[in-house]
Amino acid sequence: MQFRTYSAPEFDPYGDSRQPETSELWAAPVAAAPIDADVALPGSKSQTNRELVLAALADGPSVLTAPLHSQDSDRMVEALAALGTGIERMPEPGIFGADLRITPASELTGSTTIDAGQAGTVMRFVPPVAALALGPVTIDADDSARGRPMHAMVDALRALGVDLADEGRAALPFTVHGTGRVAGGEITIDASSSSQFVSGLLLSAARFENGLVLHHSGERLPSLPHIEMTIAALAARGVAVETPELGTWVVKPQTIGARDVTIEPDLSNAAPFLAAAVATGGRVTIGHWPAETTQVGADLATYLPLFGAEVTLEGDRLTVRGTGEIRGVNLDLSTGGELVPALAALAALADGPSEFTGIGHIRHHETDRLAALVAEINGLGGRATELEDGLRIEPAELHGGVWKSYKDHRMSTAGALIGLRVEGVEVHDIGATAKTLPQFPELWRRMVAAAEQGALPA
Ligand SMILES: O=C(O)C1=C[C@@H](OP(=O)(O)O)[C@@H](O)[C@H](O)C1
Ligand SMILES: C=C(OP(=O)(O)O)C(=O)O
């Protein structure tokens with residue numbers, strides 16, 4: 001018998017991840033001394049949400065150890081449970097919440113509504129799963145996220161033979177009229193606004209009757225490491241994705257294997273913490289750093305030395321030491337758009353000019369991140385300008401003021417980073433960090449406090 005045991009967290013040391021936007025201003029703590037801290041981080045959003053989808057489509061139960069518990073992962077759990085997946089919280093939670101046991105539905109069922117919240121991974125990974133369910137599935141998102149691009153997914157599903165009602169808008173909300181089967185076949189999409197269209201289609205493709213031959217036709221393809229993460233997650237479950245040429249992926253119809261997986265810490269959420277060491281000439285160490293990973297946050301180990309930091313990896317502990325100097329950098333961040341807010345905040349504190357390019361697509365993230373970063377950095381006296389596909393940030397004396405988050409978790413953490421060095425920065429809506437890291441305010445407070453009291457254990 002199918003069971004649906006997912007319920008509100010009994011163990012949630014940091015409160016409800018569904019917390020509403022707060023209108024309060026959060027006084028960003030100033031680092032009175034160079035940061036000197038060990039920081040432990042919860043699981044990767046991108047890995048958690050991929051493994052949840054694959055576990056729901058697999059041929060038997062899977063256990064996820066150390067998954068993320070945040071708004072984005074909660075929305076994914078709820079979406080898959082609404083389609084009939086059994087998701088059970090295991091006893092004896094770790095410091096960041098319970099492990100999860102996922103039991104696939106014998107038949108995915110529709111006649112339900114799914115709320116993607118703000119999660120790009122839910123809005124782009126779940127529609128193909130909904131197409132495999134029997135009955136209509138309406139997918140919606142927060143008001144602030146309804147404008148995020150969905151046309152590539154709408155067109156792709158229709159080309160694969162799926163009946164989809166979108167009132168001609170190619171945007172959320174829309175209804176997928178699942179019949180319990182997807183024909184599949186060969187299609188071409190333009191994924192230049194988000195790699196998540198490719199990942200979302202590949203995750204479900206092995207369950208399509210004819211598999212999938214997917215071509216990307218746009219002028220650029222951002223976030224390639226995230227597509228590699230999708231391919232690696234599929235490979236670990238026995239599903240081969242062939243890439244006969246750049247921009248083409250082939251998946252044959254096959255079984256997705258059940259598998260127990262330990263989720264890595266979220267290395268993109270490591271960005272503001274590691275950058276804090278650079279900003280204050282201090283030290284931050286993050287434990288459980290994976291030796292090998294497809295997470296793009298691993299590139300921080302090559303990016304931060306360009307700003308003047310020293311980076312060392314001893315065992316599974318990555319340490320960043322600031323040298324007191326913060327250099328300007330020129331970086332193509334097309335592979336790692338989600339690192340931009342933290343690196344732009346660091347650049348705003350640098351002694352020389354910086355340029356970040358290859359990131360036009362981040363105008364479609366939680367907010368238009370190029371416009372938001374320019375507005376907020378300049379609002380504190382900085383000198384940031386928008387480029388066609390990026391940002392230029394020149395040195396300037398910054399002053400305190402309100403830093404707006406635009407409901408974007410990475411804007412909130414970028415404001416906190418500047419606030420370490422600039423007195424009087426008040427972040428509007430630090431609660432936005434609940435999207436992927438509900439513990440952020442507490443972890444940040446402890447990191448800053450550790451500067452005066454000695455390092456906290458990871
Ligand atoms: O597949 C994923 O898990 C993600 C892919 C990327 O999306 P884009 O390609 O839209 O930038 C990234 O920015 C996002 O945070 C997570
Ligand atoms: C772009 C991001 O999120 P999403 O998965 O919602 O696209 C992000 O976390 O930086």
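Using N, Cα and C of the backbone, Cβ positions are placed for all residues, glycine too.
What TrEMBL says about a protein is an automatic prediction, not a curated fact.
Checking the candidates GLU78, GLU167, GLU338, GLU388 against TrEMBL: the one annotated together with LYS45, SER46, ARG50, SER194, SER195, GLN196, SER223, HIS365 at the 3-phosphoshikimate site is GLU338. Long-range Cβ proximity for ARG410 (phosphoenolpyruvate binding site), meaning a same-chain Cβ under 8 A and a gap of 6 or more residues, is found for GLU338, VAL340, PRO341, ALA342, HIS365, GLU366, ARG369.
Within 10 Å of LYS45 (3-phosphoshikimate binding site), counting CA to CA, the binding-site residues GLY120, GLN196, LYS435 contribute LYS435. The record assigns LYS45, SER46, ARG50, SER194, SER195, GLN196, SER223, GLU338, HIS365 to the 3-phosphoshikimate binding site, and the maximum Cα to Cα distance across that set is 19 Å. ARG148 (phosphoenolpyruvate binding site) has a Cβ environment of 23 other Cβ atoms inside 10 Å.
DSSP assigns SER195 (3-phosphoshikimate binding site) to coil in the three-state reduction, outside any helix or strand.
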